[in-house]
Amino acid sequence: MATSSTTALHSQFRPPLRAPRHLRPLPHSYSSSSRTRGCAPVRASAASASAPAQREIAAGVPWGCEIESLESAASLERWLIDSGLPEQRLAIQRVDIGERGLVALKNIRKGEKLLFVPPSLVITADSEWGRPEVGDVMKRNSVPDWPLIATYLISEASLEGSSRWISYIAALPRQPYSLLYWTRAELDAYLVASPIRKRAIQRITDVIGTYNDLRDRIFSRHPDLFPEEVYNIETFLWSFGILFSRLVRLPSMDGRVALVPWADMLNHSPEVETFLDFDKSSRGIVFTTDRSYQPGEQVFISYGKKSSGELLLSYGFVPKEGTNPNDSVELLVSLDKSDNCYKEKLQALKRNGLSESESFPLRVTGWPVELMAYAFLVVSPPDMSQCFEEMAAAASNKTSSKPGLNYPDLEEQALQFILDCCESNIEKYTKYLEGGAGSPEVPMNAKQANRTLLLKQLARDLCISERRILYRTQYILRRRLRDMRGGELRALSLFNGLRKLFK
Ligand SMILES: C[S@@+](CC[C@H](N)C(=O)[O-])C[C@H]1O[C@@H](n2cnc3c(N)ncnc32)[C@H](O)[C@@H]1O
């Protein structure tokens, strides 16, 4: 739910280069979810050096609830009201979009402030720990906010009734939706065409690396405070899953990240442009509606201007095709290794912080000037070597002038280069969509079959959305090239006509 944040883990918590240690074995069963959407947490395999290649399906965490549970949501509501949440114009209900959501109880006008969750009901890196000695160790080791809050959640969850957050934790999904819960085989099979696959692998690797780092630096030195039955990779995948899908950055609280109970029951709409923030005058977390709502209607906020792939990555859903105005797809472009100037071009790229392969976001509305600059560099001939540096700088967005470079003689080739990349990507998507994804090899019972169906559907939806952007780009590029070539042809025939006349 982070509004204006990227959710990168702290660099200190990048995965270590060596293979993770063997982790506590778990029963390989799914939890008791009756929903097809439930994706069981997974554990790191002893052998996976850099990615969760051999993670297996494992049991879920012993806390939280099924995502559609309204009982736990009702006790959350009661606890929040008892703890100082003011009377609300919204209630948690079962909804069509997002399972549970906040629904208007009364007419709500455009421009109204809603929620007013007091800071005392918000979890941040400064929250008091139910076991202060655990918090002290974490703080003495200067653990950054994300892993700190992830550990905090696990610590409080393990305290059950003695944590003040018991009602909140009981209403959190036991299996938050996100690509963190997809196995490597599932990512490889269903997201083979999408660049989100790589990002999901990186994210899972980061989470595993973060956990391994905490375990080696802190947990293993204080086994009495951090028993492995509680602080293990499954509980960390859960807590990071919760953070990726519910943590918000509050600009008016110095950009602090926070879990905001109640507000985190709001679902996302790509059409809405309203974000959570701390309101200094009422001293609560609020959002201001950007439209009116009638009683019974679900109220939405924005989780940020995210592409459909990013929404799947963090939140486990894909908006309906064509409804996400912020949608984009990454186009991977590379230098040609057989290019006579390959070395010089690569050096220019490296000097500007780029490498021989780079990704640029395509949108239905067009492509960035940086991509055009990269394409100019790729297609430029040796006699333009004095321009390589300028092109690489423009591709890295280091130049101050945004309007982009202009090399009329190279434009046609550069556009053709982008078109070729686009078309080879379209082919990959079409092959996947038409070929039907093979299921990774897992024994199938009814629940697993349902899970597979769900993942396949999500992957299909994403691929269709991403291919749509590529199709649109292909259309624009073809038209531009046709116009350019048509113009050249016209100029040529005019020239030939004049020549004949003078002869
Ligand atoms: C911040 S929580 C919102 C509350 C959540 N529906 C619940 O019941 O706990 C974010 C999660 O809600 C769901 N969600 C939010 N917006 C959605 C949407 N537009 N479509 C489908 N699911 C959505 C996703 O499962 C996401 O991971």
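Cβ from N, Cα, C; glycine included.
Predicted, not measured: the structure shown is a model, and the values here were computed from it.
For 1-10, the entry in TrEMBL reads compositional bias 'Polar residues'. Under the heading region 'Disordered', TrEMBL lists 1-46. If you look up TrEMBL, you'll see 88-304 marked as domain 'SET'. Here TrEMBL flags ARG246, ASN267, HIS268 as S-adenosyl-L-methionine binding site. Here TrEMBL flags ARG246, ASP264, TYR303, TYR315 as substrate binding site.
In this structure, ASP264 (substrate binding site) is part of a helix by DSSP. For ARG246 (S-adenosyl-L-methionine binding site), the Cβ neighbour count at a 10 Å cut-off comes to 23, with all displayed protein chains included. Its Cβ placed at the centre, TYR303 (substrate binding site) has 24 other Cβ atoms within 10 Å. Highlighted here are the binding-site residues (ARG246, HIS268, TYR303) whose C-beta falls below 6 Å from ligand 1: ARG246, HIS268, in sequence order.
Under DSSP, TYR315 (substrate binding site) is assigned to a helix (H, G or I) in the three-state scheme. Within 10 Å of the C-beta of HIS268 (S-adenosyl-L-methionine binding site) we count 22 further C-beta atoms, all protein chains included.
All chains included, 20 other C-beta atoms sit within 10 angstroms of the C-beta of ASP264 (substrate binding site).
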